[in-house]
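Chemist: My structure is below; once you've seen it, I'll send some questions.
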Amino acid sequence: MNSIVLIPLLPLLSAAVLILSTGKMPRTVASLMGAGSIGLSALCVALLASSFLADGEIRELTLWTWMSIGDFSPRIAFYIDGLTIVMMSVITGIGFLIHLYSIEFMWDDESLCRYFAYMNLFVAAMLLLVMADNLLLLYLGWEGVGLCSYLLVGFWYRDPDNGAAARKAFIVTRIGDTAMALGLFLLLTELGTLDIQPLMVAANTQWQTGDTLPVLATALLLGGAVGKSAQLPLHTWLPDAMAGPTPVSALIHAATMVTAGVYLIARTYGLFLLAPATLEAVAWIGLATLLIAAFAALAQNDIKRILAYSTISQIGYMFLALGVGAFASGIFHLVTHAFFKALLFLAAGAVIHCLHHEHNIFRMGGLRSRLPVVFASFVIGSAALAALPFTSGFYSKDAILLAAWSLQDIGPWLWAGGLLGALLTGIYSFRLVFIVFFGEARTEPDRQPGWKMAGPLILLCVLSIVGGWIALPLAGVFPAAESHPVNHSVEWISIGVPLLGLLLAYLMFLGGQISVDKLLSAPMARRLVDFWFSGWRFDQLYDLLWVKPYKAIAHWWRNEPVDALYNGIVAASQWGHRRLLILQNGELRWYATIMVLGLVLLLAVMLRNAP
Amino acid sequence: MMLQLILLLLVAGVVAWQAERFSSTLPRWVTVVAVLLALLMLIANLGGIPAERFTLVSYPGEPQGWLMYSQHAWIPRFGISLEFGMDGLSLLLLLLTLGLGLVAVVSSWDEIEFKPGLFQANLLWTLAGVAGVFLALDLFLFFLFWEVMLIPMYLLIAIWGHEKRAYAAMKFFIFTQVSGLLMLLSIVVLAFQGAGEDGISFSYSDLLASAPTGRAGMLTMLGFFIAFTVKLPGFPFHTWLPDAHTQAPTAGSVLLAGILLKTGAYGLLRFCIPLFPEASMQFAPVAMGLGVLGIVYGAILAFAQSDFKRLVAYSSVSHMGFVLLGLYAWNSLALQGAIMQMVAHGVSTAALFMMAGALQHRLHTRDMFRMGGLWQQAPRMGACAMFFAVASLGLPGMGNFVAEFLVLAGLFAVSPWMTAAAALGLITAAVYSLWMMQQAFQGRPDNNREMADFGVREMSAMLVMMAVLLGLGLYPQPLFDLTQPVLEGLLPRMSEPMSALPRLLSEVSP
């Protein structure tokens, strides 16, 4: 049992030591601590997973009672079932590869110590999030993840733009988190507990499917999930979040952070099943996000921004899966996505690293022969991203599309939308490959990735291919999905569409049979692409709706309007003071007159009252 | 013991004042020794109390309910006595007072050059006044200490403050004094109203039994409410606070934010609500509304400031709104949250004011537009600022989160709409806290600037406060255990009137 505690504790402790060393630790020691602790943690997860696979027993471990007030007594306790094991393996496994890669990538940075401290804290927070047995501890991990993303996105703090991106990431996700907190209050007030398993039991006995309360509660939880997983309408932080070092993006996009929302919905699926309306909303949000992000990805020219939009889009698929009730498929896609997205980001990092921090894909080109390992990584990663047959992404995305198809009424619509997304994914992912790695070279690489960078890339390449054949131990976690016999033509279409995307990308960006310039010559087309390039102008919209009004109000009130009230009192008493001062003028005749007048008045009153 | 503790602080003040004649560094050592002695005295006396007493429910008004109780005759003709009582709540706040007293001394260690003895004396007298407020059970005595803590604080601001100190000190004095007089009026009404055959009494236990109801009760209650809400401070009585905090010397700001504000919350919890359960219940929707307004308004104004200290001051207005909400939601979750907020906010804000003082000492400015990129020159200060900034925005794992979570969770059962409005404070807190970090510590550094990082003295104070906040955030149970008996004694008193609260609130909510 003790090894379970070690899993989050090792990264946490190493983060604490790295912080307390205040940057005075030698680079070798810092990187050893940073990557080593995650490696050991991954080892513990592997041991735990193998024993779990052997006996299939759910493990629970209580460390201490966090607080106890009346009936409310959340604990610091872990609940480990198949879903947790899957998430822990992804977090520590992929996390370790990213850490290993980071050693080489960040070696020349003056703040290596701070970097590994934040990274380890990030992994620790994410582990707490998935291991928590109650929603309050989950919320601790949830917010911890948010903090670490803020710290890492703004890691190079000297550039104010990075700071802005970091604050955006934190504040936008916090808006979702606040909705989630309200959901927690609602659940606690109505069901009397925040422990996840008892909570789902209580919900099932107290609530009927379709009641208002479960819909409201899950809608609030969904708010949190939408924020963290960068789904509509709170997705705007993710494209900017690439301001941090590239391995950070890999960690955010693959192993931590954005998968949290998917995990939350899967973990509390019992509540969502009671709220069909919310579940349907999840599916539509997923579909809308995956399409909007795919179109936006098509128009980008920053290598990391393309990948960022592709993440938003792929998580849209996971939401689609959750929304149609295919929870296991959603988690399956989460896992395969973690493999190929980590691969793609690390490969992109290698490109940027070897090309003097160049981000623009149109200033790259011809890197196929110059950076062969990176090229292979990109081809495999993009193939998996586009869900070409026999890659890992194919199996998981195919399962999602089939599950969508099987749904009554709205199913075919969701399926068709998902298919359109798959086509777009094929185009934008191979557009990237063809432009960066083929054609003429525009920038020469000045170095080759060393083994610490190449090793993780090769391993992730293997995982991106064979990842689809891994059987996840999710049996018994979710209710068994009803399997519908699916028409073979539907399956063939699902296989064919990504290939069509690849073909279109080839014709447009390599073969030249379709001229992109001609396509864009129409003014409408140009405007549309600009619109996509700006991410559908969401940033401008939010700026107008929220940011500017808030700043304007703050500016308007900055000098304390309430003080006007008290200044008014001050002015009134000063006015009275001046008026009364007239009476006190020091002239005897004035005093005598007043005295006589007063006496006359007094006498008059007395005479009037006399009987 | 309680009278001796207060006397110790008062006398030490005189000693510190006179110690100035011998050396300019002696007075601060007098303060340190006196506060440590007081702490030692408190702990030694606690040792004499059997452990099971700490878990016994203490009903207010029963002398045996107090952990410590003492009464000496003072002005028997008017039923006034030196009556002191300490329960878990007073004990907790007393520990906070003495602890932050030490922080205040450390934070202004070499800042004061003008009359350092008198400075330390005023510091100690303020502490004595606050300790008296937390311990007095006779309402006349309570009022006396309420004034005792006011005047030395006024002097601290007026003599050792910054450029606009005269205005700020006067504003602070008038706000507190006027509202204090309203309270005095209410106390006198209360005493005469409850006069029986044995004459009048100012004792808490007697007044609990005879508080007026109806219209008279409401008016008397308002006298207390205004005095305590000015101190808290609650919207719209808060405008003295940004000026006073900004102009006060560092130690003054630490004491003001750390403990003086808590006397307002303590007064509401100990006197205002228990003495007038019915009037408080009727008034609760208004009080909660003021709490929500304070949270949002304070947060927006904090974001609007360019003065580091002023920003922290407005964040206090925002955070104290949670206390007001928690107190008037009146269930054990919310009340425990409010008490936790008193302690956690005390520590985190004291640390931020210490940070502000350290920045001003080094850069001779509080204007954040003249800072930026300080992380490069002073990474330790940056890390500390980051810690307390995220603590104050309510990051889980720190005491502030536990406080705000419990307040909102408790409030949700009473009024979901109020909770939703107050939860906006979680977002706005992130906006101003992170903006503060950006303006001061991130961004482009000025390479011509030389700035010393935190040294051992400052770092150790910071580390202790970090440890306290983490402890409160991860294992808050000792604190809850300490105050639970107090709340269990208070809750039944109000349970009947307060049960009508959700209905009352649903009438005013959409």
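Cβ from N, Cα, C; glycine included.
Okay, so TrEMBL annotates it like this:
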TRANSMEM  A:30-54  transmembrane segment
DOMAIN    A:66-116  domain 'NADH-Ubiquinone oxidoreductase (complex I) chain 5 N-terminal'
TRANSMEM  A:76-100  transmembrane segment
DOMAIN    A:132-410  domain 'NADH:quinone oxidoreductase/Mrp antiporter transmembrane'
TRANSMEM  A:136-157  transmembrane segment
TRANSMEM  A:169-188  transmembrane segment
TRANSMEM  A:208-227  transmembrane segment
TRANSMEM  A:248-269  transmembrane segment
TRANSMEM  A:334-352  transmembrane segment
TRANSMEM  A:373-395  transmembrane segment
TRANSMEM  A:415-438  transmembrane segment
DOMAIN    A:428-533  domain 'NADH dehydrogenase subunit 5 C-terminal'
TRANSMEM  A:450-472  transmembrane segment
TRANSMEM  A:492-516  transmembrane segment
TRANSMEM  A:588-607  transmembrane segment
Chemist: For the transmembrane segment (A:208-227), could you work out the same-chain residues 6 or more beyond its ends whose Cβ comes under 8 Å from its Cβ atoms?
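Modeler: Contacts with the transmembrane segment (A:208-227): 142, 172-183, 186-187, 190, 233-235, 260-262, 264-265, 268, 271-279, 281-282, 285.
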Chemist: Which range out of A:76-100, A:169-188, A:373-395, A:492-516, A:588-607 gives the transmembrane segment (A:415-438) the most CB pairs under 8 Å?
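Modeler: Out of the listed stretches, A:492-516 contacts the transmembrane segment (A:415-438) most.
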Chemist: For the transmembrane segment (A:248-269), find every same-chain residue at least 6 residues outside the stretch whose CB is under 8 Å from a CB in it, and list them.
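Modeler: The answer is 83, 87, 90-91, 94-95, 98, 101, 119, 122-123, 125-126, 129-130, 135, 138, 142, 145, 148-149, 152-153, 155, 180, 196, 199-200, 218, 221-222, 224-231, 238, 241-242, 282, 304, 307-308, 311, 315, 318-319, 322, 327, 330-331, 334, 337-339, 341-342, 345-346, 349, 478-479.
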Chemist: Within the domain 'NADH dehydrogenase subunit 5 C-terminal' (A:428-533), count helix residues (DSSP H, G, I), strand residues (E, B) and coil residues, in that order.
Modeler: 70 helix, 0 strand, 36 coil
Chemist: The transmembrane segment (A:373-395): which same-chain residues, six or more beyond its ends, come within Cβ distance under 8 Å?
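Modeler: Sequence-distant neighbours of the transmembrane segment (A:373-395): 310, 314, 332-333, 336-337, 339-341, 343-344, 346-347, 350-351, 354, 367, 422, 425-426, 429-430, 432-433, 436-437, 449, 454, 457-458, 460-461, 463-469, 495, 498-499, 501-502.
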Chemist: With helix taken as DSSP H, G or I, strand as E or B and everything else coil, how many residues of the domain 'NADH-Ubiquinone oxidoreductase (complex I) chain 5 N-terminal' (A:66-116) land in each class?
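Modeler: With helix first, then strand, then coil, the domain 'NADH-Ubiquinone oxidoreductase (complex I) chain 5 N-terminal' (A:66-116) has 29 helix, 8 strand, 14 coil.
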Chemist: Compute the average pLDDT of the predicted model within the domain 'NADH dehydrogenase subunit 5 C-terminal' (A:428-533).
Modeler: 84
Chemist: Residues sitting near the transmembrane segment (A:492-516): Cβ under 8 Å, six or more positions beyond its termini, same chain?
Modeler: 386-389, 394, 397-398, 401-402, 419, 422-431, 434-435, 438-439
